[in-house]
Amino acid sequence: MSSTVKEPPMVVPASPEGPGKPSNQCSDQSCNKPSPTLQNPYVRAMLPFLNGGIAGMTATVVIQPVDMVKVRLQLAGEGAKTGPRPSALGITRDIIASGKALDLYTGLSAGLLRQAVYTTARLGLFETFMKSVNSKADEAGRKVTFAERAGAGLSAGGLAAMIGNPADLALVRMQSDGLKPPEARANYNSVFDALGRITKAEGVSALWAGALPTVIRAMALNMGQLTFFAESKSQLKQHTNLSPGTQSFAASAIAGFFASFLSLPFDFIKTRLQKQQKDAKTGKLPYKGVLDCARKVVAEEGWLRFYRGFGTYYVRIAPHAMVTLIVADYLNLITK
């Protein structure tokens, strides 16, 4: 009696079009087939801007309370060299004690509008500029230099800041409104209410008050954030065995420090200029411009006042940078 050994049937993978294709299997081509919509050249050009805006708005929702405290710290003790030194914890406690915890989200609508305009522009422009820089570097058979990354960051930050200044000004006005006596408060209902009332009372040009320090701050911040992020990530990739996620996390923390250190003095002056309003009696503004503001702060409050609240500012900038860059990285990955 002979026995017959039966060999298991050979399983031939079905083609993507085949009717017998298993639901849990697919070829590399079918699994990774890009969406036709995402491959549209117009959509491809817009994706860096859309991803940047979504990432920035996500980060703002997380960081808004810290930004609120930062603004209050910068405006506390204006014009006085000596006096009580407020702390971030003290200001937070006072805000909650005098109202509700949700008061820390005052100006959120303005913050979201600012991100929708500013971060959409700066990240989108940076990616657009870097594509051009990478293309030229590839053609020349070399790597992108730090100076080229810095140029892309500075340019993107400056252009985006000019576009987003009105929303930034509205945010500062809404956050500083609570420092005034109750009878003097504007009590803005929303960012659009603030923009409309500022325009009506002070003119359209008032929406660009503090534009110069805003642009300089944005250029410094963008160079610190995007340029050092890209450079740090490149160096970590070359010299460490860290996972891509850990590289992004570490690079964003490094970038957050440099962004904070380089931009805080300009952020301080920007806040003072955007908050100022004409004196009811004299009709004059406290500061004539960037240099006048810097001179008066140094003379009346000391140059270290520019770095008041650095810890709070770093806590605001670093996590915001980390959330923004990590979310943007993820969105760029899934929309390739």
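The backbone N, Cα and C atoms fix where each Cβ goes, and this holds for glycine too.
Straight from TrEMBL, the features:
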REGION    1-37  region 'Disordered'
COMPBIAS  22-37  compositional bias 'Polar residues'
REPEAT    43-132  repeat 'Solcar'
REPEAT    144-235  repeat 'Solcar'
REPEAT    243-334  repeat 'Solcar'
Query raised in the report: Would you list the DSSP helix, strand and coil counts for the residues of the repeat 'Solcar' (243-334)?
Result: 74 helix, 0 strand, 18 coil
Query raised in the report: Mean pLDDT, the repeat 'Solcar' (243-334)?
Result: 86
Query raised in the report: In the repeat 'Solcar' (43-132), how many residues does DSSP put in helix, strand and coil?
Result: 74 helix, 0 strand, 16 coil
**Report entry** Summary of DSSP states over the repeat 'Solcar' (144-235), given as helix, strand and coil counts
**Finding:** 79 helix, 0 strand, 13 coil
